[in-house]
There are 4 protein chains.
Amino acid sequence: MSALESDAYREFRRDLHRHPEPAWREFYTTARIVEELRKRELTDLHIGPDALATDDRMNVPDDDALAEWERRARDAGADPGTVDELTGGYTGCVAVVERGDGPVIGLRVDIDALPIPESEDGDHVPAAEGFRSEHEGFMHACGHDAHATMGLGTLDAVLDSDFSGTLKLFFQPGEEQVAGGKPMAESGHLDDVDYLYAVHVGLDHPSGEVVCGVDGFLAVRHFLAEFTGDPAHAGARPEQGRNAVQAMAAAVQNLYAIPRHADGPTRVNAGLVGGGTATNIIPEESHIEGELRGGTTALAAYMSDHADRILESAAAMHDCEVDVATKGEAPSATSDDALAGIVGDVAGGTAGVTNVVDSADLGGSEDATYLMNHVQEQGGLACYLGVGTDHPGGHHTSDFDVVEDDIAIGIDVIAGAIRRVAETRP
Amino acid sequence: MSALESDAYREFRRDLHRHPEPAWREFYTTARIVEELRKRELTDLHIGPDALATDDRMNVPDDDALAEWERRARDAGADPGTVDELTGGYTGCVAVVERGDGPVIGLRVDIDALPIPESEDGDHVPAAEGFRSEHEGFMHACGHDAHATMGLGTLDAVLDSDFSGTLKLFFQPGEEQVAGGKPMAESGHLDDVDYLYAVHVGLDHPSGEVVCGVDGFLAVRHFLAEFTGDPAHAGARPEQGRNAVQAMAAAVQNLYAIPRHADGPTRVNAGLVGGGTATNIIPEESHIEGELRGGTTALAAYMSDHADRILESAAAMHDCEVDVATKGEAPSATSDDALAGIVGDVAGGTAGVTNVVDSADLGGSEDATYLMNHVQEQGGLACYLGVGTDHPGGHHTSDFDVVEDDIAIGIDVIAGAIRRVAETRP
Amino acid sequence: MSALESDAYREFRRDLHRHPEPAWREFYTTARIVEELRKRELTDLHIGPDALATDDRMNVPDDDALAEWERRARDAGADPGTVDELTGGYTGCVAVVERGDGPVIGLRVDIDALPIPESEDGDHVPAAEGFRSEHEGFMHACGHDAHATMGLGTLDAVLDSDFSGTLKLFFQPGEEQVAGGKPMAESGHLDDVDYLYAVHVGLDHPSGEVVCGVDGFLAVRHFLAEFTGDPAHAGARPEQGRNAVQAMAAAVQNLYAIPRHADGPTRVNAGLVGGGTATNIIPEESHIEGELRGGTTALAAYMSDHADRILESAAAMHDCEVDVATKGEAPSATSDDALAGIVGDVAGGTAGVTNVVDSADLGGSEDATYLMNHVQEQGGLACYLGVGTDHPGGHHTSDFDVVEDDIAIGIDVIAGAIRRVAETRP
Amino acid sequence: MSALESDAYREFRRDLHRHPEPAWREFYTTARIVEELRKRELTDLHIGPDALATDDRMNVPDDDALAEWERRARDAGADPGTVDELTGGYTGCVAVVERGDGPVIGLRVDIDALPIPESEDGDHVPAAEGFRSEHEGFMHACGHDAHATMGLGTLDAVLDSDFSGTLKLFFQPGEEQVAGGKPMAESGHLDDVDYLYAVHVGLDHPSGEVVCGVDGFLAVRHFLAEFTGDPAHAGARPEQGRNAVQAMAAAVQNLYAIPRHADGPTRVNAGLVGGGTATNIIPEESHIEGELRGGTTALAAYMSDHADRILESAAAMHDCEVDVATKGEAPSATSDDALAGIVGDVAGGTAGVTNVVDSADLGGSEDATYLMNHVQEQGGLACYLGVGTDHPGGHHTSDFDVVEDDIAIGIDVIAGAIRRVAETRP
């Protein structure tokens, strides 16, 4: 990669970093990606509703919230025509390059940001160098700005090579809420993909280290349970209430007590709860925002089935109603050794790579797994690789940052692996 | 009452005391009462199935238990022909005397005993004087032996008077389990009763004291909830269990948390619980034997409705089934002032009575209320009166006993009141 | 009362109504009352810290909130000097008139408002006639503006009579949060009071009706329990959390299950609960804002003791800490018949009074009880009387309002009763 | 092994099978083992208190139960002198053979039975061939009769060989309750053991299969929590109770909700619960008999610490006391590859062995782990091997049985491995 290009990628990444957008509100981000993509020779470019199985989107914000972020994107200079295509929260896009015979190879990068206020500390490079978040309270605290940039860089590197085959780039929205993987996996654009890579920076691996195949994805479901009862004066007429806080408490007590499973790890958390209106009123409403996980997709389904039954029963127990909505979801997945092996081979010969790790566990959840499973279920191979970077703060903290030079390493490794896959058809 | 009669009553009471029998197993007791009744000039005598609405019997023991107690009664010398009529647990009887014009007046006495071992202490009169329980583990610890004797004595006193009207004597089984009141109330024999008295000895009132009208009956329901799940090895396959002990615990926690009611007192108790088979097996069964009460019949129904819902929901929450059975039940009731007033008038002039109390609260439950309500609902009057006695131990303790002379006081007061009611038709 | 005076009172009441202020923030209200009081011939006037046992104040807002409301009061034209005296939330005042020999007679009126948005409906008189709340989100929705006006009118009526004795007027802050009764009761100003009246408008009694003696005050305690644990990633390290939401749920389940009490009604409510920070984080904090009540002071203490133990145990169970603070408190109390009788006598002869009710139950809580108990414990008499008014909406609703003519009826009855008490020394 | 010997072992095994004895009541079993051992040339034989760290015994029955089983043993013909030495429940023994230079090698076999009624079905060999349990309700349903026989046979085979070294045979009581492993491990007799084998038949492995090294032992603790409160009449005085069933229910709900642990599997079970005395009495006592497990000893300790805190807090929450006793305990352990490898080598050349499995997970708990850890902690090696057998019913069911020919296979493999270890000192 030339220094000039490198500067362009840095500028692009910083532009995205200044405009962090959460799930289904990546209007500016998508518009900027599209703007860059249109400068390249693409065979096809799918935007907005064309890039997604729109009915599978989860946790889409209400119209007001969408409109507010759309406005922000326009104010920040996003291309109006592109934003028009994204209206309604149809963010993300898929770029296609067909170059002669050869397999169809996909790369998935995610593009959304987090509701975390970014550090203003002088030690924090984005603050020091003037590309700190311009959306106060939101931040690219997980490196998805770097991922999008790697996607663009990989495209350039492949275009610039003798690659023969089809390359598909998936710029996926809504990963942080495990809300965007499914609609992209079901979009149809994955149906002919023979090989799929996905990539993440950092993950506590230092600069110079490459993880060839990440495993240990916990399948997950985010849910929101809203209990509804009836209010009553707690002193004068307690019996007239239908107590939504009692229902919630019964649910919490029993959710954590779902039987452990011999087949592997399971998880449950009632992460955000609340209810009631006043000290002297029997609470008429309450809610639990929580998550259920499993070491396999089946284990997460096991937890989910139990949780649904517990939430319903807890409501019934206190004569309340409950509405349980799935706000995000992702299965587990496994990286194929063949693709991981190619990453290892390529990384071993890539400048800047000082350590190659065969495999590592994520220990968390990711919805790239939807895309990986989709490809694997139709007989293809998939692999999730990690590109190390010395990140000062942990992922999802206000001090997180990436070393920009590591983006170039990522591009070199991924583009190299894609070319090798096209050649060897493993 | 002559001394001779008094001796006969004492002997009768002690005979019953030696043979305490619990609900639906009062074979000996009923046979002995019938034996005495047949010596009197009765218009009618209804025994066994003829004395009860048989389908309304609650908590009837299984055939083996009935057969065992039937055998005991025969062994103790009960009249075989009478016991034949009671087979199947159709205990209790109704005696009728028609004596010219006049209202129909009823007296209800209960005849069953308790599963309490009787004291062997030298201070305990039945032990000292040789009429301690011969059914080890069972005892007349609430004075129903005295009640039955009062019934007989009242009959004699009325027969021996110029009473004009109809007297009906209800010897009711199964009061301790609130299981016998309903079938007797619904037997049809109460349908023409204009005035009904019921009586209890003791209740912490001393010898010489008479309570004219008892109130404060808590309506009550006894229930048995049996939860069924599936066992599993707790170490190897915890997820394969359906845990009946978790269901039971969830039910207990929420039963006690039924909302208080502004209209009056409510009660709930999970008095006897259990479950499971072994430390390392996920429990497949559990049970709650409990009760629900209310200051009014409506309040008890309120508790009962909530409890049913909670028991069902707790089972569903842990994927178990639950079977909820009513084992006993009684409404609340109120003593009519007019009948209580007559008791007061009569008691004031009765030898041995040193204190007359207008009214007192029972603070517990009683299924005489079924009979009282039945009479009141058809326009009649009902009254529950108390006959004090210095009882050494509390009701339902192994030291409970009655002063036998107080039985005679009771007979005089009740018979006097019945004659006065017949005359004055209040 | 002359028409002129009546207009003045109406204007005064409407001024207060436009400036509703919640507990310890009654800066404008107190300043306006003081302004009016200073126009009268008082023997003494105690303001701010002099009117209260300052250490007994409960639920005082933080400095920022106090400063904000102090600023609002000044902006609305409150006398700056008076507001200076109230700085720090020392609101309320005590006015004293000594007029020759005679007993010391007190009248307590409360002056605070509620965090309820006032109706803008054309049917709502304050909206229609232009004296709707100027503090958006707050409202005199319980008639304390009328109470303060009755206090002032009663003072005028007594001053204008041949009253001989001492009159003390207690303008009490913070009743709605049962936070102001105790500090006023313990201020020392009640110590020589022989007779105390307190008054409330409405309470579902219509215009023209007077309730001589209100009873049935539920003793109450408001509490805030704040649980603290440790956060952890719910997927990667669930065992490292100390789960404050589990602690809260265990507390809720068991708080509602405090044993019922045979001595009378008890109440418990976890009215406002919450906890947690994110779906995937083990919750490190949670809270319960609730209340405990009893038909007597002892019953409320019983509930409070159990609740404290349950909250502590629930925290300990999940290795969390809990801080439990009392935010408001009031005992039960009983109106003395002698004082109620005088109200009845006076009301019977008061123009506009069409119905006199001897006694009625409040069925809720009130901290006038602190003042009543204080007087009664030192041998005096106390009585809480009700002045009916046709209020369109219920108390504590956005449509609540009083018929202003009923304020005059209240003044006439109270002033009349005070004069009669001074004469008869019941 | 000669046919003659085989007959003797069969007879011995069937004798033990006819006399199944649970923990600390293995009087007949121990006496019969001792009787056989005394026929051999032993260097030493430790019986009763000499074989155990007596203070470490867990879950010892009360004196009456011990006396009853001691009597049964004498009635069945156990040697009176030996039983005298075991009085007080000091069952089990350790046999020692010193044969020249060489390492000290141990073999641990367990000897206790289960409280399970044995099948009377004609398909059940012990029933068909007349050696069904003579202690009704108890059964060798886990093959410990075969284990004891293998111990004896291994001794014979080693004695009959050119073995040079020291052989120690540990006949351990109380394994089923994980109650006997610790006192035997701490007896001192393990202190010089260089190599230790333990053996189990069956475990769902068929006849002819040998598992060289079993792993996956779940560390475990059995506990008994007894809650004590105060009784009260549930109708008349509910507030006077301290409800032990509420405490138990709160504990159950929260025990199952101990946070999952990222380091591996954890387990909890409230396997047997109960409480209360009567429907209308607030329960004064209750209990939980349960277990806590973990994939490692540390994970079981984690569960145990949480459980202790929850049990204490649940009692405190309802003003009760709780006594928590440990009734059994075992750590996790790992089989050493070196010893397992020798088993594999020997088994490969043993007649009757058709399949050799390197390793398998137990998925349950065993207190041989105490002995294994003890040897490993002092630098020795330990290995738990499995000898397959076609068992018709599962372990711990009334149809369980072993194929007696497989006992001989076990003896050949174990004795062969011991000789090989003595030679090779791995």
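Keep in mind that glycine also has a Cβ here, set from the backbone N, Cα and C atoms.
Caution: TrEMBL annotation is automatic and unverified by curators.
Features as listed in TrEMBL:
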BINDING   D:C142, D:H144, D:E176, D:H200, D:H396  Mn(2+) binding site
DOMAIN    D:226-293  domain 'Peptidase M20 dimerisation'
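For D:C142 (Mn(2+) binding site), the count of additional Cβ atoms within 10 Å of its Cβ stands at 27 [all protein chains shown]. Around D:H396 (Mn(2+) binding site), the same-chain residues at least 6 positions away in sequence with a Cβ under 8 Å from its Cβ are D:L114, D:I116, D:A141, D:C142. Within 8 A of the CB centroid of the Mn(2+) site residues D:C142, D:H144, D:E176, D:H200, D:H396, the other residues of that chain are D:D110, D:D112, D:L114, D:H140, D:A141, D:G143, D:E175, D:H395.
Here the domain 'Peptidase M20 dimerisation' (D:226-293) has a mean pLDDT of 97 out of 100. Over all protein chains present, the Cβ of D:H200 (Mn(2+) binding site) has 26 other Cβ atoms lying within 10 Å. For the domain 'Peptidase M20 dimerisation' (D:226-293), DSSP puts the residue distribution at 15 helix, 27 strand, 26 coil. Secondary structure at D:E176 (Mn(2+) binding site), as computed by DSSP, is coil. In sequence order, D:V109, D:D110, D:I111, D:D112, D:A113, D:E175, D:E176 are the residues near D:H144 (Mn(2+) binding site), counting only same-chain partners six or more apart with C-beta under 8 A. DSSP assigns D:H144 (Mn(2+) binding site) to a helical segment in the three-state reduction. Taken residue by residue with DSSP, D:H396 (Mn(2+) binding site) is part of neither helix nor strand, so it is coil.
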